[in-house]
2 protein chains.
Amino acid sequence: MKFELHHASGPAGPRTGTVHTPHGSFPTPAFMTVGTQGTVKGVTPEQVRATGAGILLGNTYHLLLRPGPELLERAGGLHRFMRWDGPILTDSGGFQVFSLGHINRIGEDGVVFKNPLNGDLVDLTPERSIATQHAIGGDILMAFDDCPPAGGDDPAAARERSKLAMERTHRWLDRCVAFHRGRGRDGRQALFGIVQGGTDEGDRAACVEAVCSHDLPGYAIGGVAVGEDTAAIDRIVAHTAPLMPADKPRYLMGVGYPRDIVAAVRSGVDLFDCVLPTRHGRSGHAFTAAGALKLKNAPFREDFAVLEDACDCPACVGGYTRAYLHHLVKCGEILGGVLLTLHNLRLYQRLMADLRATIPGGRWDAFFSRWPCAIGPEEGQAADERR
Amino acid sequence: MKFELHHASGPAGPRTGTVHTPHGSFPTPAFMTVGTQGTVKGVTPEQVRATGAGILLGNTYHLLLRPGPELLERAGGLHRFMRWDGPILTDSGGFQVFSLGHINRIGEDGVVFKNPLNGDLVDLTPERSIATQHAIGGDILMAFDDCPPAGGDDPAAARERSKLAMERTHRWLDRCVAFHRGRGRDGRQALFGIVQGGTDEGDRAACVEAVCSHDLPGYAIGGVAVGEDTAAIDRIVAHTAPLMPADKPRYLMGVGYPRDIVAAVRSGVDLFDCVLPTRHGRSGHAFTAAGALKLKNAPFREDFAVLEDACDCPACVGGYTRAYLHHLVKCGEILGGVLLTLHNLRLYQRLMADLRATIPGGRWDAFFSRWPCAIGPEEGQAADERR
């Protein structure tokens, strides 16, 4: 993997670039479409490609359990299995193990959790996460980190747990790096480190130093949008991103709403992923430049406009009205979720394309007049939406 | 609507033809793809068109309840609402009212049933069914008939009920014809009558006489595949179809498996509809020329072949393996149902195309060597699959 920086607006400002991987290149800032269990829910890879997506995200936690790394290896890797020939990034499984809540034991070696499908105990260590990611065959792999939930009732205990997690994450990163070295499809798979540190700026700075002491092809900011409010997300990202190496891509994991993404891009972040466009699509929500629409609501029953006049997604170009989408959502018809997913994915790609076009000239007023949804905080956007 | 007969293999044999409607023409024998509530479940009209489908079926029962005829009229009719510009046939709602079981009262005037969505009582009469079908705006409308479930514990009572249903169906047909006359988009909507009569050949013959005494543009055989076995279906169809006017399309409602369709085509039936390809697709079944595959089964876990080598559907051409489909079905991923639906719909269209090509030359041995699935009875195929 190589990162080519095209434009940087100062050390702490927005940047444009290109990421080159063995499965092709894509421009940054980029939104990575989430395909958790080997599929972007409800849509074909061809349809995903047509939204403008340059890279997909797969999930080690889910793929480890089903279909399992042995089968994926026999299938020739995830690219071949799911018929997506573009770049793939795999998450390490760390976040899911900690957030999906079937943990049996956490120790220095790794995590033991109960397989929710059959009750078996599964051992997930830094080495096993990386080995699984090798089997999956993604172009970018993520280090396995300790990511306990933010906060808690006892601040002192939470602080203690957070400190332990940081230190352990660094020891686990050492192990990930050591295990990955010389493996991973002859060095064609790139390992990214993850900066933790919660909402404390000092901790974030210390993590950047520890993680970036490894010369890796990219680095991520983890532990963001795990329950804190929008202001805290903005503050931590604006603090952390500029501390990270300028010549490597910076990936803000699991974020977020259009406005969160725009704010983070302006702080120098290059890569994003989030389940919002797909999950909200399936639950009957459309993102638009003007804000979100909840199609189930009564006013849409007789609204014969398309979602957005200016949109070139299959739902808008196809002429499907809000009234029709309301009908599909009310009936629980699959096609409603499919069309809204396609629209939302395309909207995110349109947003990223406009960000990339705006960064060199810096005409942000004009940008925000096109994207009112990116201006203010929106209700509920701090919710954990990564999975 | 006009029916053009191209080839007829004698008075009781298979035929080919073309149906011309205000929304286009399609060749017969034809399989009509079911789009119950204004959508073919999980797939876009564009994808449906690409399977080779020439005509869709909508359902008056479901569309009456949601979104309702007033909204459909305001939307410009179902074609415009769902973005399908080809021919549409609408079922009358009779079958659903009787089979979905929320009946409050059946009388000479019509049926009163409880709206399962809100508990309101809904009056469905022959006139209201036709008026609703006018609002939906389909190209072919079906008469509203009395179709009680077949059989029952008391043969004498069942016989009595069946006789009443037949007679009432004929009185209701008179009312449908009278109400339809001069209405229905200036005569651009064609009303078909339905021949009932259960499994009794004499009753079927009497029904043909009564129904076909109305000069209608087409006629259907109803009350088939409502619980009786394959031999009974074959016998009744082979008896009834040749009694119906040769110059009008003959439509066997709600049938069925590939072998049922092939048998009925050989008895002179022209039109079919069935939820099997879509419903079985969503439940993880693939139809193939060699027979059905239940993708959830363990042997498919490591089967890296596509569903059918010779198939040109998006699932087979896209290279999605049985192992991948197994994975999607096991995970309950929407894409599994979508890909299997596309495959199954395409298989049904390939079957119909091969039937149309085979009929003129009559090379049935060669046909059956290509379609082993159409030879013998299959388990469970007598189940009611129309809805």
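Backbone N, Cα and C atoms are what each Cβ position is placed from, and that goes for glycine too.
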Binding-site annotation, TrEMBL, substrate: partner of A:Asp91, A:Ser92, A:Gly93, A:Gly94, A:Phe95, A:Asp145, A:Gln196 in A:Gly54, A:Gly223, A:Gly227: A:Gly223
Which of A:His239, A:His280, A:His285, A:His343 belongs with A:Cys311, A:Cys313, A:Cys316 in the Zn(2+) site listed by TrEMBL: A:His343
Other CB atoms within 10 A, centred on A:Phe95 (substrate binding site): 25
Residue among recorded positions A:Asp273, A:Cys311, A:Cys316 with Cα closest to the Cα of A:Phe95 (substrate binding site): A:Asp273
Neighbours of A:Cys311, A:Cys313, A:Cys316, A:His343 excl. site residues, C-beta within 8 Å of centre, Zn(2+): A:Val306, A:Leu307, A:Glu308, A:Asp312, A:Pro314, A:Ala315, A:Val317, A:Leu342, A:Arg346, A:Leu347
A:Asp145, A:Asp273 as recorded positions, winner by CB count within 10 A: A:Asp145
Long-range Cβ environment of A:Cys313 (Zn(2+) binding site), under 8 Å and at least 6 residues apart: A:Thr51, A:Leu307, A:Leu342, A:His343, A:Leu345, A:Arg346, A:Leu347
Sorted by sequence, non-A:Asp91, A:Ser92, A:Gly93, A:Gly94, A:Phe95, A:Asp145, A:Gln196, A:Gly223 residues with Cβ within 8 Å of centre, substrate: A:Phe98, A:Met142, A:Ala143, A:Phe144, A:Asp146, A:Cys147, A:Ile194, A:Gly222, A:Met253
Alpha-carbon distance [A:Cys311 (Zn(2+) binding site); A:Gly93 (substrate binding site)] in Å: 35
Integer Cα-Cα distance in angstrom, A:Cys316 (Zn(2+) binding site) to A:Asp273 (active site, nucleophile): 24
Site extent for substrate, whole Å (max Cα pair distance, A:Asp91, A:Ser92, A:Gly93, A:Gly94, A:Phe95, A:Asp145, A:Gln196, A:Gly223): 15
